[in-house]
Each structure stands twice: as structure tokens, then as C-alpha cells.
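Chemist: I'd like to ask you about the structure that follows.
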Amino acid sequence: MGKRSRQRKKEHQKNSKPGGRDSRDNAVGLGCHHTGYADIVKENKLFETYYKELGLVPDGEFDQFMESMREPLPATIRITGYKSHAKEILHCLKNKYFKEIQEVEIDGQKIEAPQPLSWYPDELAWHTNMSRKILRKSPLLEKFHQFLVSETESGNISRQEAVSMIPPLLMKIEPHHKILDMCAAPGSKTAQLIEMLHADMDIPFPEGFVIANDVDNKRCYLLVHQAKRLNSPCIMVVNHDASCIPRLQIDSPDGGKDTLFYDRILCDIRIAVRGVEQLAVGGRMVYSTCSLNPIEDEAVIATLLEKSEGALELADTSAELPGLKWLPGVSKWKLMTKEGQWYNDWSEVPANRHTQIRPTMFPPTDAEKLAGMKLERCMRILPHHQNTGGFFVAVLVKKAPMPWNRRHPKEQLSSSVAQPEASPVETPLPGLPLEDGEGGEMGVKEEAAEISPKEAEAGDLIKEAKVCGPPPNKKMKLHGFKEDPFVFLTADDPVFPPIESFYDLCPDFPKINVLTRTHEGKKRHLYIVSKELRNVMLNNSERMKVINTGVKVLSRNSDGEEFGCAFRLAQEGIYTLFPYIRSRIISISVEDIKVLLTQENPYLSKLEDAAHQQAKQIGMGSIVLRYQPDNSSSDGPQCPIELCGWRGKTSIRAFVPRNERFHYLRMLGVEVFRDKQGQGPGTRDGEEKVDGEEKVEVKVDGEEKVEVKVEVKMEVEEVVNDGEEGVETENGIKDGSIKDELKEVKIEATST
């Protein structure tokens, strides 16, 4: 045993003794002297001095401000707003779980029910102060907790800090917008953007899309997991340093090439300049930070506005989120060093500090220019006003191209030449001094992608015309796991005729938007993207690293070949594919859904007469089970439901992942509660059990109680190139999706 191992063992033994690590929760009061973890001292005199001196907190509120900073944040949840099931989930939360919680008492005190965020539209966001410790003390609260976990994994609820919900709301997303999220991980705001694109569920392919980027390769997979829950064909996850994210090209309507400019951009501090460069004229960029320090907030915005020479302006968002409490941005501030030394302006900064403190960290000295910036339009959110984290947000609107990006007169350069844009080399953003080898304004590196022949030609012409151009581009460096290719199929690919015939697909089904993840061998899964994302991918495959895109719509099933089609429908993509399917559809009722989701493999005769007759007319193979709400009745879900299933010889089965199955059962008034004692050995509280049995208590319509056994089999897709041998990555992910499709979920009633 090595020295480090012996030391770790010794520490473990020490911490296992009374008063050690295991008994840290028994410590009483602040500043106690028990052994184990020391209490975190939530005090910082310099911090308090700085914020008091700047006057960023209203008079008489500073003690509240500091006390709020020391308290843990409440848990906040958001119901995904683009799905047609959102109202059903909200109805279930308000009329069942929240009502029950109001009657719960823990240690003699009534539990405070969750409350809606007053400023979030349609009551789709809620917050609660209930801790995990409290949740474990009551069966009713445990049911609520299981509901949240299950619905989160199904993509119907997202857990997200309240203030981080604000930037997407201020972007005013419309379905046709091209959106760039520059630092997207872990993905909660990205999920909001996707939801807003799909506000109209009757449109399977919105014209817009979201490109979600993160510099950390591993965090990109976390981002994928968040985005994949929403099953959208309009999301692409890429892996780049946002400060030098490549400028992309797309096909133009006239057959040429255009530069892709985004209608909406979400960004933070170091990448703001690159963001506005890629923003379309008329577009919005939302800049936000989790800081209340003006150097990271108003100083950055002021610098951007000054350098833009009128191309940018702050939008007035004062009326956009009624109910949200915020303070206007400030126009006066000064700097303090970590030693407590104050500087009122740049002239007071000694020369030996010029590399750490820059002129742009101070407010503009021109009073007229400062007033014209309208920094009061920035929004400052203080933690004690609505029990949130501290937050800063500003919305910039682009009125014209950036001055360093404006095109040269056409007579100087051929209009057929793609002209690269240069950034001025001047002062860095506050707190971001230029590093060696970095070009571009404010410390922003030039675009890290290989230079194209047209760009090289443009560079030569610029030299001949003696026009100042950008420095040479550097070859893009790619890190992280090697991804399988994204291969678009042609319209005449032999895979399509059996699929089109079997499901009677509409003639306008966009076959050219279908892709797979292998060049050779059998295609195991077929994914689909919007035509706009296809345009982006085909024109930029060499200059961007795509981690994941598309939604799975079809999966190969060897049993299906004998019935006329080797591909079965995938539940993830059914809402995208369904509008094009014209056969193999069975209309089902609420009672049919209950049968399909609570019985393992029911006979066709278990269905109600209408569905039974339809099923008898359909041959064996993959099917769509569709529920359509009855507008004349309030009974049952008031939204359409499409489930993938399989028509057997004498039976029928729904192929639905477990959490979605529980989701639909709850929508039908069936209460699902997993018995913790039913979990197998090695399964911790809150973890899912794979390939085993677990007892589930089901309560139908508040009366009939059924104890059921859930036999769960997990189909973990091999992490390989389709049809080839391969090696699984260290985190079990290769094509960017979390492999959690349930091949089979059996729910069998054992007693009534």
C-alpha cells in the first residue's frame, strides 16, 4: 500500500469515529467546536465594504441583502412550456400534489406549499423551500419527490435556478429565429430556447433552430442529455471555444453562399464581442452574469456600446416581465483592489497595475456619451427582493453592422468573394487583458477554423487593395471524444421505399433531412433534423465539431423485416414523424391507454370495441396508438397523445420508456408510487433499477388500488459505429445521447 493510500485509509478511519465526518449533521449552532467539517464562515468584510461603498443596495436593505446571501437558494422547477402536456402537468401539480402538501405537518409544523414565480408566464415556474431531508419524512412528500424526478427525466419538468430563467424570456423567441447559445452547458436555458421554438406543436419543423455551444467537451454531453429530453429536430450541440466560434456559411436562395447571422444570441462576459459580430442586424443579444459587480456588468456593456459606434443599443425591457423586481443599471462606480485600495478613475491607477486594471473597467468620462448609453436599462436583481440569486441582465439590439465588420465598397472587391471580417485591435474587455498571440478587439481570438479558398482569395485581394484585413486564421483544434459521422441520406436511398410503403408516408416527407451515424454497414437508427440545420451541417462540416443533433425517428428491428419493414417507430421522434404517417394508426380511448400501460402484453380483445376493430385490420409490426381528446367532455387528458406500439399476432404492446409511461398514467388519474423497499440491493434512494423488479403502488381515479410489479429491461444501445465494432467511451456516451431507451417495460397487476 502506497503512502497516499495509507493516508486516505487513516483519514477515513478518523472521520468514521464519533464527531468525525459522519456526525457533522449533529453539530448544533454556529461556531460549534465539534470535530469534523468546520462550519463555513459566510463573512467577507472586503465584500461588504465594496458593495456598501458603491451603494448598489438601497438604503436600509443591506442587512437583508447579506442575510439573504447566506441562506440556501429555494428549489425551483419549470414546466416545459412547448409541449401540449404542459397544462395537464400544471393541473396535476396544483390540484393534487400541492393540495396534499398543504395538509402535511413535519415535527408539528405545517409544510409551506410551493408557490408560482409571479413573473414567469402562465404559472409554469414554481419554487419551494422544502429540503431533501424534509421530503424523506413524509410518504406524501416522497410521492411528490418521485413525481418531480420522473417528470424531469421525461423532459416535462426542468429543475432550474429562478434567475437563469430570465434571459430566454427577454429574447422574445419566435419559431423562425436562428439562435446561438454560446456557453450553453448544463443546458437549462437551452431547453427553454427549444421550448419557445416549439410553441406551436402543430408545426413539427419550425424554421428556426438552436445551436448550443460549450467549450468543455465533457459538459457538452450533459448539455446533450438536457436537450435530448425535449426530442427536437431543431437543436445542434457543438464544442468550441466561444470566443473564437467559427463563422458559418449557409446556402442562399440564389444558389450562392451567405454568412450565417443569428437572430438571437445568449452570452456572458468574455464572448460578448464574438456574439455581436455574429448577430444579425435587428437581432437581440442577451448578456447576463451571476455577478452584481459593475466591472463584470455595466462596464462590459458600456465598452460594447462605445466600440459599436451606434451599431448597438440597450433595449428597454422594463415592461416585459411584470412581477419581476429589479433595479436599474448604474452609471457610476469605482474600483477596489483585494487589499482595499480604491481608484476613482484610470488616472489614479499606478503604472505597475496597468496590466491588471484597464481603462474600460471605469465608467466613460464623457458625461454626454454616458447618458446616451442608457445604462439604466440594464436589470439588476438582488437576492433579498424575491428570494433568488443575484443576477445582472442586459438586452442589446443590433442596429447596424459592427464598425470593424462593415463591408468595403463593392467596386474594391468582387461581390462573388466571401470577405472575412476583421476586429479592431484595441483595449480588452474589463478584467480581460490581451494574452500573447491573441488578436482581435478586447482579447477576442480570431476565428479558429481552416481558411477556405475563397477566404484566401479575399485575403489576397485585400492585400492588393491595401485594405486592412484580419490576421491569418488558425487551424481549428478539436479535443475530446471522436464522434461518429453524421451522414445524410439521399432521397433515392434504398432504405426509404419499404418505410414509405409500410407507414404510407406523405409525399412531402423530407427524406433528405434524414441522417444516420455510419458510412458503411447496416443503418441501425435514423435521425431527422430540420432543413435549416441540414443546410448548416452540409456547409460547415470541416469547421465545426458537432457533438449531437437530430431526433431519432426509426430504429432497426430484425423481427420487422418479415412483416415488410425493418424499421420500427421510435417514441422519441413520434411527435415529429406522426404528421407524415397515414397508416398503421389505431385510435385509442383513456381506458385503452390504461390497459396498454398497466398490462404486460394484453390480448387485442382487452381493447375497447373501436380500437379492437381497428387493430384487427392492421398486420403485425410497428404501430401508432393515438388518443384524441373529446372537446365536449372534461374527462381525460385535454391534449393529444401518440404512443409507439407493436401489433403482435393476437396481442398488442406499447413501447414507451418507463418514466413516460408513468407520466401518461398520472395524466389519466393513475397514481404511481414506487415502494422503496421494492428496490433491489445496491440501488440507492432515487436511483433507477435496471433489469429487475420493483413494486409500484397504483391508485386509479382515487379509488381502486392496485399493487403492480414493474419488470424493467434496459436496452443500452451499443456505443459503436452503426454496423461496426467499436469502443465505448469512458462515460458510456459516443453519439452524444444518453442511451436510456427502455426496450420493454412490463407492468402486471397482481392484486386488486
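Every residue gets a Cβ built from N, Cα and C, even glycine.
Worth saying up front: this structure is predicted, and the values here are computed from it rather than measured.
This is the feature table in TrEMBL:
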{"type": "REGION", "residues": "1-28", "note": "region 'Disordered'"}
{"type": "COMPBIAS", "residues": "1-12", "note": "compositional bias 'Basic residues'"}
{"type": "DOMAIN", "residues": "65-399", "note": "domain 'SAM-dependent MTase RsmB/NOP-type'"}
{"type": "BINDING", "residues": "CYS183, ALA184, ALA185, PRO186, GLY187, SER188, LYS189, ASP214, ASP241, ASP268", "note": "S-adenosyl-L-methionine binding site"}
{"type": "REGION", "residues": "406-434", "note": "region 'Disordered'"}
{"type": "REGION", "residues": "676-698", "note": "region 'Disordered'"}
{"type": "COMPBIAS", "residues": "684-698", "note": "compositional bias 'Basic and acidic residues'"}
Chemist: Give, as a single whole number between 0 and 100, the mean pLDDT over the domain 'SAM-dependent MTase RsmB/NOP-type' (65-399).
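Modeler: For the domain 'SAM-dependent MTase RsmB/NOP-type' (65-399), the model's average pLDDT rounds to 92.
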Chemist: Using Cβ-Cβ distances, find the residues under 8 Å from LYS189 (S-adenosyl-L-methionine binding site) that belong to the same chain and are at least 6 apart in sequence, listing them in sequence order.
Modeler: GLN160, SER164, MET165, PRO167, PRO168, ASP181, LEU266
Chemist: Around ALA185 (S-adenosyl-L-methionine binding site), which residues of its chain at least 6 apart sit with Cβ under 8 Å of its Cβ?
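Modeler: Looking at Cβ-Cβ distances below 8 Å from ALA185 (S-adenosyl-L-methionine binding site), excluding near sequence neighbours, one finds ASP214, ASP216, ARG219, CYS220, LEU222, LEU223.
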Chemist: Taking the Cβ of GLY187 (S-adenosyl-L-methionine binding site) as the centre, how many other Cβ atoms fall within a 10 Å radius?
Modeler: 28
Chemist: Mind giving me a neighbour count for ASP241 (S-adenosyl-L-methionine binding site)? Other Cβ atoms within 10 Å of its Cβ, every protein chain shown.
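Modeler: I get 17 for this one.
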Chemist: Give the number of CB atoms, excluding that of CYS183 (S-adenosyl-L-methionine binding site) itself, located within 10 Å of its CB.
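Modeler: Around CYS183 (S-adenosyl-L-methionine binding site), other Cβ atoms within 10 Å: 19.
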